[in-house]
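What TrEMBL records for Asp24, Asp322 is Mg(2+) binding site. What TrEMBL lists as active site, nucleophile is Asp24. As annotated by TrEMBL, GMP binding site applies to Asp26. The active site, proton donor annotation in TrEMBL covers Asp26.
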Amino acid sequence: MSFSSRIFVNRSLALEKIRCFGFDMDYTLAMYKSPDYEELAFELLLDRLVSIGYPHEILKYEYDPTFPTRGLVFDAHYGNLLKVDSHGNLLVCAHGFRFLKGAEIWNFYPNKFIQRDDMKRFHILNTLFNLTETYLYACLVDFFTNCSRYVNCDTGYKHGNLFMSFRSMLQDVREAMDYVHNSGCLKEKTLENLEKYVVKDPRVPLLLSRMKEVGKVFLATNSDYNYTDVIMTHLFACDPGDQAVAQRPWRSYFDLIVVDTRKPLFFAEGTVLRQVNTDTGKLRIGTYTGPLQHCAVYSGGSSDLVCDLLGVKGKDILYIGDHIFGDILKSKKRQGWRTFLVVPELARELHVWTETSGEEGLGSAISLALCFAPVRPLDSGSSERPDISAIKQRIQNITHEMDMCYGKMGSLFRRGSCQTLFASQMMRYADLYAASFLNFLHYPFSYLFRALPMLVGTPWKEVAWSDSFWRRHTTERSRSGQLLYMVCLGHGRGRDLRTAAAPESSHLECLGGRSGNFCGPTEDAECCSEWARVPLLARVRGVPTPGLGCKGEEGR
């Protein structure tokens, strides 16, 4: 099975214990074609800004899918786009399309740190719908910075007696986003050309029919019924020439359908539950209080009402969505639902990772963990310090090259060895995640998704075990008095690694006992059992590994 077809695990989950599968629609069941869909949304946003008074010159900008990534933060005070880790430490800083470095960053952020809880100043752009918004901020800052009619200030731009702050720019863009989505213009354009903007996969009805055989299935979307009906009819329509699949209404694949959910409010107090007239698309008067009706459609409601109608409890539900806040975080924290995060970018991330891990790729030189262990004990009175400047420079150069393979803002999950805010939220709130929910097709419904054991909170155990492991599985030889221990996670040759990173080492041995090829454990039973306990060392860079083995690509 290819990596892009796998489901990755943060917390163990027994699929046979799941009684109900819940789905979001936009960017989950209905995947929009990128970058066509983002280009459409970006054009509509520009038109809206021009209509409220922004200069016509901004219409010259065209959407560039290589620039934005999810999880960035817009600083409404200085107008910068920031990539941060889970604690608020700065990883990347861009003003428009110009990336700031060194003294420039220190000038804005003296501690290279932000209080990301300050929601009035720092706006987190976590959703796939935010990609166009992210790029629009960069375009506007770039335009006004380089326009001779405007005077650049620290917190905005001045034009005569008028001052436009970055905060007002944020407000204008947010209002334009709301207009494009709420007015229906984006939906209208999408429905006019479904083939161009919506991905149709014949495996969708196949998977949902299998899920319905083992449990209940429901749909909870923020979209209105009329839009949902057209999109879902398109997704579940069978090809006329396919006689093997019987044509059936899309609503028959679900036990419960809820539209206009207004997530994340849906996971709290919710709204009034009304029944939808599927013939007219209008709501029936009054609150619905009856039993669950087959193929009926409801509007509003709450997650509590969903559980009551379906006769299930929170942990009986596996909810599948793309919105890390509206779908995953709130359903996990407020209801205890099991969660599955759809991360379409993961396919690209895995492709870059595997492509750059070959013998001639970047991974052959840098997919490693560096751990210095002195042959003779050193303490606070020791003045010796090894020269690792060449190693650091090589790591920095190759890390930058690899980041650029993901896009101008780098990987969605990491910056070098630092985990991004998006990655930390995904690891915290999503029990499972994958590039597509269709990856469930590759697993039986009796499958146990098991997370790797992590000794988080007990670092002394990691240190004690790590020291014992290295002493028993590495050769302690060194000319310089320092031994460089290495673990290669890719499948490159040790000769490149040894020449670049440890020129003074006379010999380096792989964990399985073979020289020259740093491939991890061999078939040795003892080595294999201990290698399974190495998650902390294994997660040097890139997305978390789906599992560790001993043979073939997985063993490497």
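A Cβ is built for glycine as well, from the same backbone N, Cα and C atoms used for every other residue.
Note: TrEMBL annotation is automatic and uncurated.
With respect to their backbone Cα atoms, Asp26 (GMP binding site) and Asp322 (Mg(2+) binding site) stand 8 Å from each other.
Residue environment of Asp322 (Mg(2+) binding site) contains 24 other Cβ atoms, counted within 10 Å of its Cβ in all protein chains. Taking the Cβ of Asp24 (Mg(2+) binding site) as centre and 10 Å as the limit, one finds 26 other Cβ atoms among all the protein chains shown. In the structure as shown, the Cβ atom of Asp26 (GMP binding site) sits within 10 Å of 20 other Cβ atoms.
In this structure, Asp322 (Mg(2+) binding site) belongs to neither helix nor strand by DSSP; it is coil.
For the recorded site, Asp24 (Mg(2+) binding site), the DSSP three-state label reads coil.
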